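Annotation source TrEMBL lists domain 'S-adenosyl-L-homocysteine hydrolase NAD binding' at 178-339. The annotation NAD(+) binding site is assigned in TrEMBL to GLY209, TYR210, VAL211, GLY212, ARG213, GLY214, GLU230, ASN333, HIS342.
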Amino acid sequence: MVERHHAEDPLARLRDRTPVLRTLAEAGAEDLPFEGTTVAVSSHLEPKTGIFIETLRDAGAEVLCTANDPGSVHGDVVAHLDAEPGITAFAEPGMSVADLDRAHVELLDRGPDVLATDGAELLAKLYAEPELSTDGVIGCTEQTTSGVSRARAMAADGVLDVPVFAVNHTPMKHWFDNVHGTGESALTNVMISTNTILSGRTVVVAGYGYVGRGVATKARAIGADTVVTEVDPRKAIRAHMDGHRVLPMDEAAEVGELFVTATGNCRVLRGRHFERLRDGATLCNVGHRDVEIAVPELAETAAEVAELEEGITRYTLPDGREIDVLAEGKLVNLTGPYSQGHPAAVMDSTFGAMFLAARELVVGAERDPGVHQLPERLDKDIARLKLDALGVEIDSLTDLQQRYRDAWRRDDIV
Ligand SMILES: NC(=O)c1ccc[n+]([C@@H]2O[C@H](COP(=O)([O-])OP(=O)(O)OC[C@H]3O[C@@H](n4cnc5c(N)ncnc54)[C@H](O)[C@@H]3O)[C@@H](O)[C@H]2O)c1
């Protein structure tokens with residue numbers, strides 16, 4: 001039998017593929033910026049997150065980690081982390097949403113100083129549960145689009161009383177993670193789990209933000225006929241100018257063979273669309289939790305529901321049309337049967353930015369409550385580390401170019 005390299009340490013295989021985090025861990029082990037600080041991490045508990053958690057621990061933090069989605073808890077990762085000094089896991093594979101809620105409260109009861117979240121669920125809980133409070137919380141770093149929207153909604157409601165770094169909104173995150181990481185991992189999972197080819201198929205992508213643009217562009221690059229649905233007129237024009245067909249979902253529903261939702265919103269595919277779907281259509285979601293496709297409504301309408309194979313549920317409608325839903329409408333790139341989440345090369349910079357954001361909360365200037373952009377100097381630090389890791393060199397401005405760029409009177413410069 002072939003001995004599996006990562007049998008004892010499920011993170012081993014990825015350590016060489018996360019050089020940015022390794023550099024930060026090595027520097028952190030000397031400076032210990034998080035010494036005396038407890039950091040709560042809530043994210044998909046899979047190997048790349050494990051390396052991020054270890055990086056924080058190596059830099060001096062006591063880390064309490066939990067899941068943001070019960071479907072993406074990897075048992076081997078949780079067991080490994082829980083056995084590590086300085087790390088405590090509040091999650092287990094197969095846990096229900098109610099179990100996860102309880103685990104979140106238990107973790108927050110331990111009074112973490114900094115939250116590092118994916119989806120802002122832990123942050124929201126601090127305000128939703130009467131026995132919890134933000135007393136002593138220095139701040140939060142949030143890594144995804146919907147979590148940042150949620151933090152902004154808390155600020156707009158006058159609830160948010162801690163600073164939150166919108167790590168998702170920093171270029172070194174969304175330019176790569178949302179576009180390339182989600183785009184490639186989503187389509188890979190769809191193709192592997194359904195064993196179908198995308199070339200020549202009509203793929204409908206709902207939402208043309210960073211994620212949707214990545215999915216649609218990559219689907220077209222491998223030969224799909226792409227259709228985009230949008231609610232933002234500028235994004236719709238962008239999709240049109242990028243060469244995709246733009247349609248309202250009512251019309252897209254009639255032509256699509258594969259649907260990928262990427263809006264961060266709810267009920268993007270619902271009853272009126274199910275009525276129009278073609279026989280054999282496949283639906284999946286890479287946007288927000290399990291709410292973008294109204295799966296319970298589809299189940300209610302269906303004459304028969306069958307688990308076709310792992311990760312594929314077939315809904316046979318009363319008129320005989322068969323509609324397949326992947327990963328129960330949860331994030332197909334993270335909870336599907338073959339899912340490994342984003343490639344390590346992408347998560348390396350995302351978690352690198354999360355690490356620098358958390359470090360800035362602890363050792364940087366005090367910030368007002370509210371949602372803040374990650375300082376550009378930190379975003380550029382991650383970019384430099386990434387370029388170093390890639391062995392890619394770039395030019396720098398000459399003194400003359402610098403002066404020319406900064407001047408408004410330019411005639412005496414050149
Ligand atoms: N699966 C993953 O690994 C992963 C990774 C990164 C982000 N995400 C999630 O993907 C979602 C999208 O992220 P993003 O960075 O692209 O956000 P974004 O804000 O850039 O894009 C979302 C787009 O959806 C559009 N939209 C909203 N409601 C719509 C509707 N009803 N119909 C059609 N379009 C609609 C918006 O106008 C916007 O253009 C978020 O929920 C984010 O958290 C998932």
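Backbone N, Cα and C define each Cβ position, glycine as well.
Source: prediction; values computed, not measured.
Cβ neighbour counts within 10 Å, taken over all protein chains shown, single out HIS342 as the most crowded of the binding-site residues ARG213, HIS342. For the NAD(+) site, whose binding residues are given in the record as GLY209, TYR210, VAL211, GLY212, ARG213, GLY214, GLU230, ASN333, HIS342, the maximum C-alpha distance rounds to 25 Å.
A helical conformation is recorded for ARG213 (NAD(+) binding site) in the three-state DSSP classification. Mean pLDDT across the domain 'S-adenosyl-L-homocysteine hydrolase NAD binding' (178-339) comes to 96 in this model.
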